[in-house]
């Protein structure tokens, strides 16, 4: 009998449209001979299954079931493609764990940790992971711009601490710009992190569990048309993404080994993508995406293709890993 797979997409953040694209890619490429997939939209106001004729059927949140044509559907697994809250910050994972449904992304603790830029870097530093100097802000605290500049220098990046797809990110070149940049960050989160500028080559490393083994995918070099890899660069084609990256074999292995080490130390599972900048010859960690985009414009599918892994095989392996951990 085919396993019933709920493809969770949407979410409560600015990234919900990206997530819908990712979820539809999974629905399209998943092997329908092996699985019975359902598109589950998880939005602030309602959770519902979208049928092939676009009819919405509400999800029963008490047990994550849906009633279609008088038949109650119980899902065997959730393929989590939600970027941002609640699918990438641990909330959905915790809910599914409580009701006993396996899901494809990392567990709730790892999800919450990796979604918090400050906390993740604090955990990784003792392992020798290099990262930019940073300064943390709460929304209600007074902003001392001189103290910030003294610590991180200029230019710097002001970011929402818990947001993805470069929403709420501003590159700041003068001290006078810090206040307005912080306000932009606070539209996405009530915490902000300010990081020193790292000059160098930016790369992205996909690390996945594929057929039972942790695997680093070919490294992608990112060259944004603008000043940094923002939303438009990521999803509107305003960047060059070169796979494999134009770095030495030694540097490729170095950054892949670090990405795998992070994945294993954090006890990750499923799909992930970590970003680094080679600054002064050494990879500096930027962030980790535990539900990376898998739309046509996304990096991870490009990397999988270069590794000879089809999306059908990638998604199938991800589901089987989740089912086997039930």
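Every residue, even glycine, has its Cβ placed from backbone N, Cα and C.
Taken verbatim from Swiss-Prot:
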{"type": "DOMAIN", "residues": "121-320", "note": "domain 'ATP-grasp'"}
{"type": "BINDING", "residues": "149-204", "note": "ATP binding site"}
{"type": "BINDING", "residues": "275, 287", "note": "Mg(2+) 1 binding site"}
{"type": "BINDING", "residues": "287, 289", "note": "Mg(2+) 2 binding site"}
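Feature map: Swiss-Prot annotations on the structure.
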residue: 149; record: ATP binding site; DSSP (3 states): helix
residue: 156; record: ATP binding site; DSSP (3 states): strand
residue: 163; record: ATP binding site; DSSP (3 states): coil
residue: 170; record: ATP binding site; DSSP (3 states): strand
residue: 184; record: ATP binding site; DSSP (3 states): helix
residue: 191; record: ATP binding site; DSSP (3 states): strand
residue: 198; record: ATP binding site; DSSP (3 states): coil
residue: 275; record: Mg(2+) 1 binding site; DSSP (3 states): strand
residue: 287; record: Mg(2+) 1 binding site; DSSP (3 states): strand
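On the backbone, the CA of residue 287 (Mg(2+) 1 binding site) and the CA of residue 149 (ATP binding site) stand 22 Å apart. Residue 198 (ATP binding site) sits 13 Å from residue 275 (Mg(2+) 1 binding site), taking the CA atoms of both as reference points.
Here the domain 'ATP-grasp' (121-320) returns a mean pLDDT of 92 for the predicted model. For residue 149 (ATP binding site), applying a Cβ distance below 8 Å and a minimum sequence separation of six or more within one chain yields 156, 175, 178. In sequence order, 13, 14, 84, 188, 189 make up the list of same-chain residues 6 or more apart from residue 163 (ATP binding site) whose Cβ falls under 8 Å from its Cβ.
Ranked by CA distance from residue 289 (Mg(2+) 2 binding site), the binding-site residues 170, 177, 184 have 170 at the top as the closest. Taking the Cα atom of each, residue 184 (ATP binding site) and residue 275 (Mg(2+) 1 binding site) are about 22 angstrom apart. DSSP assigns residue 177 (ATP binding site) to a helical segment in the three-state reduction. Reported as a whole number, the C-alpha separation between residue 275 (Mg(2+) 1 binding site) and residue 170 (ATP binding site) equals 17 Å. In the shown protein chains, 16 other C-beta atoms lie within 10 A of the C-beta of residue 184 (ATP binding site). In this structure, of the binding-site residues 156, 198, the smallest number of CB atoms within 10 A of the CB marks 198.
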